[in-house]
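Asker: So TrEMBL lists these for the protein:
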type     : residues : note
DOMAIN   : 46-292   : domain 'G-protein coupled receptors family 1 profile'
TRANSMEM : 30-57    : transmembrane segment
TRANSMEM : 64-87    : transmembrane segment
TRANSMEM : 107-124  : transmembrane segment
TRANSMEM : 144-166  : transmembrane segment
TRANSMEM : 186-212  : transmembrane segment
TRANSMEM : 233-256  : transmembrane segment
TRANSMEM : 276-294  : transmembrane segment
Amino acid sequence: MRQCFYNETVGFFYNNSRKELPTAWRPKDVLVVALGLSVSAVVLLTNALVIAAIALNRRFHYPIYYLLANLAAADLFAGIAYMFLMFHTGPRTAALSLRAWFVRQSLLDTSLTASVANLLAIAVERHRTVLAMRLHSAMSGQRVAGLILAIWAAALLLGLIPSYGWHCLCALERCSSMAPLYSRSYLAFWALSNLLVFLLMVVVYAHIFIYVKRKMGRMSRHTSFHPRHRETVVGLVKTVTIILGAFVICWTPGQVVLLLDGLGCQSCNVLAVEKYVLLLAEANSLINAIVYSYRDHEMRSTFRRILCFPCLRNSMYAPPAAGKPPAVERGALPHNGHLSVDSSV
């Protein structure tokens, strides 16, 4: 009968995998934690701002923006997971119970899986919408809500699988190096699945770009196809493609390292680059918010209105200067009919 080690400490499994477990704070540990907490704080603030902008601006109340908001929620969750990791790393790792260690890892796995599943949903949505030469999907709100719930259900399932059986607590010879309580087979499965999804999304977006390029050439003389609508379609495709590209660039190194560890590569020094690839992956959650603000003028305007709201609120109650009438808020009716404050406010 196979022996299990449920009553052992985290240090026992780290020693088994020959992964260093520091007993005192070293300068590099302090630097990693300080940098990680700083990045996590910015990630939380920027992605909360994206979610607020999409919630408050009626011009973003369409399926693609709901999915982008859900991607921002996954990034925000990644910031929380990484912050939790920073508070439970270094010498504090040895004090963790096995359950707490699994919680720490499951938070990271769930956030990544949610991001991957959400990007795949965005890719499918854009593919169906662009091929129909429409700006927004015809999906109902109920279907979008159901899709978002399915994304998080799948993310939670894959994130919790190791805690409920796919670990190495009963097979020490199968323990990985980077995650000493995880089975190498789980890491290999998880990393390979993510890499295949990355490849699938790249193929989908490549097909979208080829189709749009050909279609725009044919419809350039079509008077009913407004140039502004065409530019908006292309611009939105470019935005989500940049988000996908940044995600693949930031997460692929980590997935490759996990795959090498899962395959049991003895000559690959995966522990030497572990913290760097994890920090690169976390930086992706910040890049997404930057892409939103850089690519979308309406998003930038909404950000400014949210950030300047306290200033505008105070100015509403401030008495007008002597001899000067109160300022009148300027508004404009954009092409979709919704009233919005001028971006210069």
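Cβ coordinates come from backbone N, Cα and C, glycine included.
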Asker: Count, for each of 107-124, 233-256, 276-294, the Cβ pairs lying under 8 Å from the transmembrane segment (144-166), and report the range with the highest count.
Answerer: 107-124
Asker: Considering only the recorded stretches 30-57, 64-87, 186-212, 233-256, 276-294, state which has the highest number of Cβ pairs under 8 Å to the transmembrane segment (107-124).
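Answerer: Between the stretches 30-57, 64-87, 186-212, 233-256, 276-294, 64-87 has the largest tally.
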